[in-house]
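Worksheet: one structure, shown below.
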Amino acid sequence: MSNTIELAQTGKRDYLKSLEKKYQEEWEQAHIFETDAPAQEETAGLTPAEIHQRFPKWFGNFPYPYMNGSLHLGHAFTISKIEFAAGYHRLLGKRVLFPHGFHVTGMPIKASADKIIREMEMFGQDFEDFNTHEQDVDEEPAAGSNNLSAPRVDKGKKGKLTAKSTGYTYQFQIMESIGVPRSEIKKFADPYYWLTYFPPIAVEDHLALGTRIDWRRSFMTTPANPYYDSFVHWQMNKLHALGKIKFGERYTIYSPKDGQPCMDHDRADGEGIGPQEYTGIKMEVVEWSPAAHKVLENKLGGRKVFLVAATLRPETMYGQTNCFVGTAIKYGVFAANDKEAYVCTLRAARNMTFQGTFDVRGQVNQLAELEGTAIVGAKIKAPFSVYPQVYVLPMDNVLPTKGTGVVTSVPSDSPDDYATLMDLRKKAEYYKIDPVWAAFDPVPVLSTPAYGDMSAPALVKQLKIVSQKDVKQLAEAKELAYKEGFYNGTMLAGEFKGEPVQEAKNKVRASMIGRGVAFAYAEPEGLVISRSADECVVALMDQWYLDYGEPKWRSEAERLLARMNTYFAETRNGFEGTLAWLNQWACARTYGLGSVLPWDPQFLVESLSDSTIYMCYYTVAHLLHGSIDGKVRGKLDIGPEQMTDEIWEYVLVDGPWPNPSPLPKEKADALKHEYEYFYPFDVRSSGKDLINNHCPSRKWPLSMRANGHLLLNGQKMSKSKGNSLTLREGVEKFGADATRLALADAGDGIEDANFEEKNANANILRIHTLLTWCEVSPFGRVDEMTKDGAGLRTGPKDSTFYKDAMKYGFYELQSVRDWYREVTADIGMHVDLVKHWIRVAALLASPIAPHFAEHIWLSILHQPPHPTRTLADTFQSHRRTDDRRGRTVRDAELTLLKKLGKAKGGPPPFDPKKPRAVRVYVATRFPEWQDACVQAVQAAWSPEAGRVDDAKVRALLTERGLIKDKRAMPFVQLFKKRIADFGAESAFKRTLPFVETDVLREILPYLKRTLTLVDVEVLSVEEALAYAEAGKPGYSRTLIESSEPGSPAFELGT
């Protein structure tokens, strides 16, 4: 059942959509969003700073979307942050570059295409044999299964996976759900068909939304576009030559089903999860329990059997007193070779078989299965322990999803182990154990300043932990014990006695591995599911990787990040955290789509490594090719084979000009000119899952903006739950501008935002009503705004926070209009001011609602050019004038209304039961002391530096005897703010742009009506002072002299 709303009436929406279609066609025909760098002739002899001062630019971008489906509303939300900014910077007269590429590298498309092939084999070419009643498939492997490719989903993780799912079992069903006809689905068995199908749909959706994208610069990744392929080859070759790409054996997240590493973009679940390294402790079984012996008889083939425990603290192994297993867990006995077998979970065995632990890579030979209860009571060897042989005991908190399912016990330093051991000693009969098995006392292994020689008992006592069931307190105790032990601990036992734990840790591990009583073991930090529905493992592989953790490289990235604008502290923290953990990143794969690794063609460049500096490719794409696949040459007529590494080096990093050269130098210079003008880019907007870019320091991004995920009607979007909306569906349902306004109003911060369909629907009425209002009498039609049917009067003519922009520039601007209409109800609105308001409303709305603004501009104001084009002079001049005049008039009137509403302190100067009257005192000049302060600031103002010399101001005020006046310095600070807000010229011009007495007298009917006054008298300060000096009652000299231009004083009476 759908959770989205249905529209009852669509007449107004359809009218607005017809206008939107009209202007979108005009924009496309006029190519108004196609932006180029200034001609080389125009910039000859200028420095880069001079070029950007004379020809200001703005370049914004967002992560190019993956083309395995249509764009959804979440894409649109992230895109809108750049789209709205692009509209704003166009108003400021900048050359705005907003490009859009298409990402097709990686596994998802290839994996989906392979699924379709398998489903065609199952159900026929058009899936005609599919039986909807038999579609449920149980893919969970049976216990003891050797199927390493089968998905294994943990109960605790199912919720997240379900939330991400589509609700469909098969790929062809998913394709149908996104609008692909069943008869056409077979074409998607070719992964390259996806590349021709979805990008045009994305372009159409963007055009319908009215985005300001320069489509000439679009491209797709992989060899599908040979120009971009050459760019990736240059990038990888350069990093390889610099020693940034290395080859070696390392742990990586790996999909057995896909047969290759599974990086973040290849995952259905588990993004950001990496390998966790342990030490696998081999505890040889000396004597089995009767129950285990019965199960294992004649199944081991003469092999020695070891329980394998995974530990992060090998330095504590001297204090082992026992070993724990989970009584509810099923364990396997797995043949490592023909001499040894290991007891652990199947999950752990799957990891081990890809790490060289088992004889045959990728194969698990399970000899038997044991219940955890059957292992309890077995006698085992505890390597390095002061107790050579210990027993296996039960533990409630052993997890089958972490480690091997076997836990070695060191109760001196592990609060969990200590609490469990004490429980077992107290309730041996309850736990069905022989008390002798739990009789080994904790042994001091290391000493810490905070907790002494026995950290675990000390913390259990300190935190008042009663049993192993106190999970929350035990987690806190564990963290305290581990941190204190590692950072401040000193070894008390073993061959490294007396050494700091930090130094001894790896030495103990190496010693254990060297003696054959331990081995290196790793597993994913959490559940990772590939897009092929495979539970991933950690594999030890020879592979190519980017060494992001190299100290010098990381230090440079941290330095550049420190000067980059991230808008929110959370975004900066996210980047810093990424830099902290990002180390060796596998940059090659063997499956999927992608550019071939130039020096090792058996590998493909993985999907993030070909997407780190692609933003600079936008600057030259339109010159290289005229289609996204590069089959049409660009206007420079350069072939992809001519874009060699040497040419890219010359264009992007000032490399030497090659001799011989594959193309004329003037063509390469044209590419270089475009790149140098637009780079670095000004802002990149992305979702929370950010990855750092690496590029030359002088071209580092100027800013990175992250936004939260988009909710729909307050809930996560889910197609299976009927709560989803694609970009196309949103525009079709509400129209472009109503959708854009709702996106702007959804939220601006790093927290999740919310697209409310009710708000989008209300925007339809808002826009339609506003258009109708603007089309009335100022332009010759009947007007409800005028009084008594008469025409409007005439007179003399004299940061990326879009929710706030909506509030002030759209909603409150209309409130100001409504207030003005109410104030002038008795005299009528001024035609010039109404026209001016409409003009300002169109300009302010144009970044977010460009179709509405275009219609106002062209059809109502009859003023080309389009507000979607450059209107820098108009916009800037109106902004300066309106800020000063609008604030002064409104502030004066609002101050009066506020003061009339509530007198300050003391008894009221009139009888509240009698009708009220008020006298308003209007000043035409400022107090002399203020003029002296202004003159001092003006004398200390430096137009070249754009600032005030504070020392000079203080000297001048001292000279004029004002430095000790308590009013002077606060006034100077406020005046400096006025300079910053309105500009020096406007601030130093200390006259009002209107006659204050005239304005107040015109609104007297409004003041009387709204404040229930019987009389309002407006007097100049000079007139009022004359009455006061003449002794006329009711005139306070102090009150009269407090008046200032724009801030009149008042006196209440009856």
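Even glycines carry a Cβ here, placed using N, Cα and C.
Annotated features in TrEMBL:
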DOMAIN    57-120  domain 'Aminoacyl-tRNA synthetase class Ia'
REGION    135-158  region 'Disordered'
DOMAIN    700-761  domain 'Methionyl/Leucyl tRNA synthetase'
DOMAIN    803-867  domain 'Methionyl/Valyl/Leucyl/Isoleucyl-tRNA synthetase anticodon-binding'
DOMAIN    922-991  domain 'Leucine--tRNA ligase RagD-binding'
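Under DSSP, residues within the domain 'Methionyl/Valyl/Leucyl/Isoleucyl-tRNA synthetase anticodon-binding' (803-867) fall into helix, strand and coil as 47 helix, 1 strand, 17 coil. Here the domain 'Aminoacyl-tRNA synthetase class Ia' (57-120) has, by DSSP, the following mix of helix, strand and coil residues: 32 helix, 13 strand, 19 coil.
Here the domain 'Leucine--tRNA ligase RagD-binding' (922-991) has, by DSSP, the following mix of helix, strand and coil residues: 42 helix, 5 strand, 23 coil. DSSP states for the domain 'Methionyl/Leucyl tRNA synthetase' (700-761), grouped as helix (H, G, I), strand (E, B) and coil, give 22 helix, 14 strand, 26 coil.
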